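Notes to accompany the following structure.
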Amino acid sequence: MPTSEAQEPSLPPVQVVVRIRPSLDSEEVEVPLLRGEGGTVRLSAEENCEENIADRDCRRVRKPQDFRFSSVFGPSTSQEEVYQGLNIDELIAKVAEGYHATVFAYGQTGSGKTYTMEGYRYRVHADGPQVCIDETTPESLGVIPRALRKLFAHLEHLQESDAETESSVSISFLQIYQEKIYDLLNPAPLPQGVGPQEDAGLRLRWDSLRECFFVENLFVYQCATADDALRYYNAGVHRKQMATTSMNIASSRSHTVLMLSLQRRSHVPGDDQGVLKEVTSNLTLVDLAGSEKAAASEAAERFKEAVNINQSLFVLRRVITALSRSGRDEHVPYRESKLTSLLQHAIGGKGFMVMLACLSPANKFYEENLSTLQYASQAALIQNEPVINLDPKDRLIEQLQQQLLAAHEYILQHMGLEELPEELRANSVRPVKVHKMSSGKASGFSLDRADFAWQRWRGLRLVREG
Ligand SMILES: Nc1ncnc2c1ncn2[C@@H]1O[C@H](COP(=O)(O)OP(=O)(O)OP(=O)(O)O)[C@@H](O)[C@H]1O
Ligand SMILES: [Mg+2]
């Protein structure tokens, strides 16, 4: 097995955390039916209701329900505490090692997703909400600006301890609006409001080598510093689709996906011919648009947006449900929406995933909160298997090196030699002396494995020769 897959990640591959935002000034103060303590959220349908009874309108009133998660952040939790609680620093360290990682905020409209991910201040103008980045205090900054600074600080730290390894970071930022993909970093003007019918947005394509979707013609910028990355991010934030709705003065009308791609090139240990090993990994930070009851009272444009948002979140929920039933060999409908196609590697894939489920504290949102908690509980059952993303060429080289090593070990064992013959030494990938052993194992490498690898190698040769 390649070393990249044998390394045991210390972070849980899937973390699901919940944040309950504080009540807003515009909301009534009431006895909350939603409480978070420790890792548990308790949702009651009615205060002191312990039984499964029917209310006056014969609706089912449920007993209080408890949901357990990795962490639960209550209304008084600060942005810094949430950032720390999400283990973003550890996640960044994993990305630097070569793993993909994705953080996404999920929840109904107005539940605090953008506040948590972005944290910027918004003001309402005649032509809609406008972001006021300069008026945002450092304490209010959300996960994304903090993570950007941390990523570069971490890379600088790594550079100090290993000057040989080169790193480069690139950034892309897109939005999925009405099921079309738009580049938030393309300087050309975006279609305003509902795009023209013929405007199909950017195309999603399948990369069969890396086995993931990518967006064709997306602008990708190299960033040397955190300030560079923040400049691009902020430019994209100004361009994303926002609107004032009856539920939220600055409501995201699109899903935004920020991708930081990290490339690390290091010299292969023990190789003095300048061979480089390349690892590319992505940190993907997603602020979803929120589900909402599409009210007919909203303007036609808002109504259409809500229908589209609900539709793509519906596919996301189906993906989560299918993946949570592991072992049942279910079809996972990734390809049924742009969002789930793009998040395929993150949800149920080979990277680390953090889902942040956001809840509004008002009692009138009981049904919405129950739905969010149920999907978040299902997401916690998803099993990701993170692996380091070696360049396909490097992965092949690593596999061939393993085979060569196995062949050399086999030769040493079966011919009873202490050293490889002269003509094989030039190609050796490791010290070529056999270690005398008592238990049938040489330098941690079992004879059975050597045998097996040797047979496979011979098999490959036979196929090629035939
Ligand atoms: N933890 C918090 N502390 C203070 N205010 C908050 C907090 N979370 C959210 N808010 C406020 O609640 C309102 C709604 O938050 P936000 O815009 O982040 O919701 P959202 O989930 O992104 O909604 P949408 O799906 O409509 O985009 C905003 O005015 C925001 O400032
Ligand atoms: Mg939002």
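Cβ atoms here come from the backbone N, Cα and C positions, even for glycine.
The following features are taken from TrEMBL:
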type	residues	note
BINDING	G107, Q108, T109, G110, S111, G112, K113, T114	ATP binding site
DOMAIN	13-382	domain 'Kinesin motor'
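Locations of recorded TrEMBL features on the structure.
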residue	record	contacts (Cβ under 8 Å, 6+ apart)
G107	ATP binding site	K113, L288, G290, S291, A357, C358, L359, S360, T372
Q108	ATP binding site	G290, S291, E292, C358, S360, F365, E368, N369, S371, T372
T109	ATP binding site	T245, M247, N248, S251, A289, G290, S291, E292
G110	ATP binding site	M247, N248, S251, G290, S360
S111	ATP binding site	R21, G290, C358, L359, S360, E368, T372
G112	ATP binding site	R19, R21, C358, S360
T114	ATP binding site	A105, G142, A250, S252, D287
Cβ neighbours of K113 (ATP binding site) where a neighbour is any other Cβ within 10 Å: 26
Neighbourhood of ligand 2 - binding-site residues from Q108, G110, K113 with Cβ under 6 Å: K113
Taken over the domain 'Kinesin motor' (13-382), the model's mean pLDDT: 88
Env. residues of ATP site, Cβ within 8 Å of mean position of G107, Q108, T109, G110, S111, G112, K113, T114 Cβ: R21, A105, N248, G290, C358, S360
Mapped DSSP class for Q108 (ATP binding site), helix or strand or coil: strand
